[in-house]
Ligand code: ADP
Ligand code: MG
Ligand code: MG
Ligand code: MG
Ligand code: MG
């Protein structure tokens with residue numbers, strides 16, 4: 001149950017909390033916060049606290065910069081790592097314009113807008129369970145970052161226990177203290193790579209948790225002298241980090257992807273949702289795989305998807321249907337990576353699925369063969385396309401996809417494109433190490 005304004009004021013008083021961080025994210029999913037003192041909290045909880053939106057990337061121009069932060073009381077949390085003398089809490093906020101309307105550039109508010117569309121179609125909840133992977137790298141004594149993993153360094157390390165495993169255990173403990181239900185945590189395939197899975201929740205809550213999760217992982221890593229990164233492909237030649245999204249829809253408390261009367265026990269709604277995701281997969285990539293570097297993960301040989309297909313068994317396609325049925329019936333979208341803004345990622349996935357449901361888009365038959373062993377001709381016969389090979393290609397797809405543009409709204413779409421085009425162009429003009437090695441002598 002969400003605490004009331006009075007509950008929060010009482011807790012803050014009793015626990016001697018001095019500072020409260022009012023949190024939100026910019027359109028790139030970078031967490032921002034405005035710290036206030038306990039004295040200002042009542043005003044903030046009444047939604048009367050203003051801030052200057054022009055200082056945030058992709059938000060607004062100077063002339064329209066006054067914004068309101070409206071804290072969501074259900075997100076109130078005491079931060080476990082804060083110094084006891086200055087106990088701190090946080091509240092996640094929605095952003096409103098000076099005239100009291102939800103601000104169209106707020107990713108959290110935008111996700112709520114798409115969830116409202118779903119509601120009008122009789123869908124009460126979108127549940128998301130993310131599987132975020134990350135690397136833990138050594139930092140040098142002077143604090144500079146490396147891409148050396150603790151596993152490699154372990155050989156030289158005199159300490160008998162793995163620093164990475166220790167750090168991960170502390171991360172799980174901190175997360176549990178903050179109300180996360182951690183379902184699994186394990187070492188991943190690449191050296192220095194880890195995954196921590198927490199229980200699925202409704203879309204806005206899960207997006208909030210993804211942001212908190214990344215902050216906690218980074219903070220605890222730092223305490224262990226390690227650097228945690230959610231960069232999708234930090235090291236050439238080994239697996240990158242993904243963030244698979246497990247998704248289901250519910251109405252009247254029931255999982256509506258489940259239908260025991262069909263051969264696969266998937267409902268038509270589930271099939272249409274898959275159809276919509278496959279149809280819009282290329283444009284969605286611009287949001288779920290937002291970095292130049294994201295596309296270096298989406299290559300064959302590392303269990304990351306390259307082709308637009310779905311399957312019941314195989315882990316190579318874009319969408320896998322895990323075997324569990326009943327309330328656990330879900331689809332697993334395997335392309336997203338943890339650098340994505342979760343609010344935007346969930347909004348575009350939901351919108352694509354809703355388009356599938358509205359227009360009864362039936363997906364092609366599931367492909368249970370290894371797509372990497374098919375040639376182009378065979379893939380064509382199965383109706384299997386490719387995910388974009390670069391950020392530039394993905395941005396072009398986003399520009400041409402009305403449905404996915406609508407999932408962002410005009411404001412976010414325009415600012416996002418502007419920022420990402422600049423990122424792509426800046427990268428495109430660089431001369432890389434690889435080019436010098438290949439060409440400098442030969443030509
Ligand atoms: P994998 O087998 O791909 O490694 P994991 O066990 O690591 O999968 O993660 C499964 C995720 O799916 C968890 O976050 C879990 O809470 C989530 N999940 C389970 N049931 C549902 C559901 N009905 N809707 C959405 N997510 C779900
Ligand atoms: Mg997993
Ligand atoms: Mg698992
Ligand atoms: Mg994994
Ligand atoms: Mg998975």
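Don't overthink the numbers, they just go from 1 along the chain as shown.
The backbone N, Cα and C atoms fix where each Cβ goes, and this holds for glycine too.
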Practice task
Check TrEMBL for me: it has 131, 133, 188, 244, 332 binding Mg(2+), so pick out which one of 181, 195 it puts in that same site.
Solution key: 195
Exercise for the section: Under 6 Å from ligand 4 by C-beta, which of these recorded positions make it: 183, 198, 297, 303, 372? Sequence order, please. Expected result: none
Practice task
Given the binding-site residues 198, 199, 200, 303, 315, state which is nearest to residue 131 (Mg(2+) binding site) when distance is taken between Cα atoms.
Solution key: 198
Handout entry: DSSP three-state assignment for residue 297 (L-glutamate binding site)
Key = helix
Fill in the blank from the handout: Same-chain residues at least 6 apart in sequence with Cβ under 8 Å of the Cβ of residue 244 (Mg(2+) binding site), in sequence order, are 130, 131, 332, 333, 334, 336
Exercise for the section: Using DSSP, break the domain 'GS beta-grasp' (15-100) down into helix, strand and coil residues and give each count. Expected result: 20 helix, 36 strand, 30 coil
Practice task
Could you round the CA separation between residue 188 (Mg(2+) binding site) and residue 303 (L-glutamate binding site) to a whole angstrom and send it over?
Solution key: 12
Handout entry: Additional residues around L-glutamate, ordered along the sequence, whose Cβ is within 8 Å of the centroid of 297, 303, 315, 334
Key = 242, 244, 302, 304, 305, 316
